[in-house]
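Note sheet for the following structure.
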Amino acid sequence: MADVPNDAPEHCPGTSSDQAGKSSACQGCPNQSICASGATKAPDPAIEEIKQKMTSVKHKILVLSGKGGVGKSTFSAHLSHALASDSSKEVALLDVDICGPSIPKIMGLEGEQVHQSGSGWSPVYVEDNLAVMSIGFLLSSPDDAVIWRGPKKNGMIKQFLRDVDWGEVDYLIVDTPPGTSDEHLSIVQYLSGAGIDGAVIITTPQEVSLQDVRKEIRFCKKVNLPILGVIENMSGFVCPKCKNTSQIFPPTTGGAQRMCEELNLPLLGRIPLDPRIGKSCDEGKSFLTEVPDSPAAAAYQSIVQKIRDYCASHSASDDSC
């Protein structure tokens, strides 16, 4: 990963680049000599520290999306709620959407703060077995903007993984920003030694969303990140009275199903639109317990069971996880 120091010139190639310290853009940079020496290309010691920290976490799942507004954070939150509904399981939700942290609002934790202990930062708990960490807990107001360059974001993600006292955890769900950015590279790099079970990719039925999801899939393949499957969110609207389904966002090119068939990926399921999901998120409640008999809740539960089954088989075939 090519990190760019805060005091670097505009066209800095990055400290991990082959051109580090050698590019014309490096002339006059205070970091030129150390970059040219190759010292910056040494493995980040934090990777080994995080690997040791993550030995207490059984399963690590990233939630990705090609673009914003497709329900990625909503899914991350409800996946966490669903997994934590089994009181024998310990679940943690990590929000690495540094510039757009919505998890505190969705989980009903706005105004909560992180506390320091001898073991590190203590996450905020929704339930006894559901812990949450987000940069939103470090802001004085939810309206505060986080205006950070890549290196500072990377440093915060490193701190979340290394310094948070998660304890013994069965599932760590990582809610990422939309697209492919520094945050994605950082989380994959820092967890590379600890082992990631895989990524769940969220899309909506329209081609404009699927187009960006294909980029996300290529990213996963380039960084050797396994893909658990794709979820089509906002997939039709089921009328609560007549039970007929209307396509609010028509799958003009076949939707996620055709894309998954073409790319040989599992389609984990389709979640229909339900205005009550948005209402539950605004109120910081779990839609799965608020409206458990709805078609959307049934779709969620089916998808969550597939993720449970994947993780169970993954543990059986790979003792490192």
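Cβ coordinates come from backbone N, Cα and C, glycine included.
Copied over from Swiss-Prot:
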REGION    1-23  region 'Disordered'
BINDING   C12, C26, C29, C35  [4Fe-4S] cluster 1 binding site
COMPBIAS  14-23  compositional bias 'Polar residues'
BINDING   G66, K67, G68, G69, V70, G71, K72, S73  ATP binding site
BINDING   C239, C242  [4Fe-4S] cluster 2 binding site
Candidate with the highest Cβ count within 10 Å, taken from the binding-site residues C26, C29, C35, C239, C242: C35
Among G66, G68, G69, G71 [binding-site residues], residue with fewest other Cβ within 10 Å: G69
For K72 (ATP binding site): intrachain residues, at least 6 apart, with Cβ closer than 8 Å: V63, L64, S65, D175, T176, P178, I202
Other same-chain residues whose Cβ falls within 8 Å of the Cβ centroid of G66, K67, G68, G69, V70, G71, K72, S73, the recorded ATP site, in sequence order: S65, P178, I202, T204, S209
Neighbour count (Cβ, 10 Å) for V70 (ATP binding site): 23
Alpha-carbon spacing, C239 ([4Fe-4S] cluster 2 binding site) to G71 (ATP binding site), which is rounded to whole Å: 20
Spatial neighbour of S73 (ATP binding site) that is closest, considering only the binding-site residues C12, C26, C29, C35, C242 and their CA atoms: C242
From binding-site residues C12, C26, C29, C35, C242, the one whose Cα lies nearest G71 (ATP binding site): C242
Minimum Cα separation from G69 (ATP binding site), reported as the residue among binding-site residues C26, C29, C35, C242 that achieves it: C242
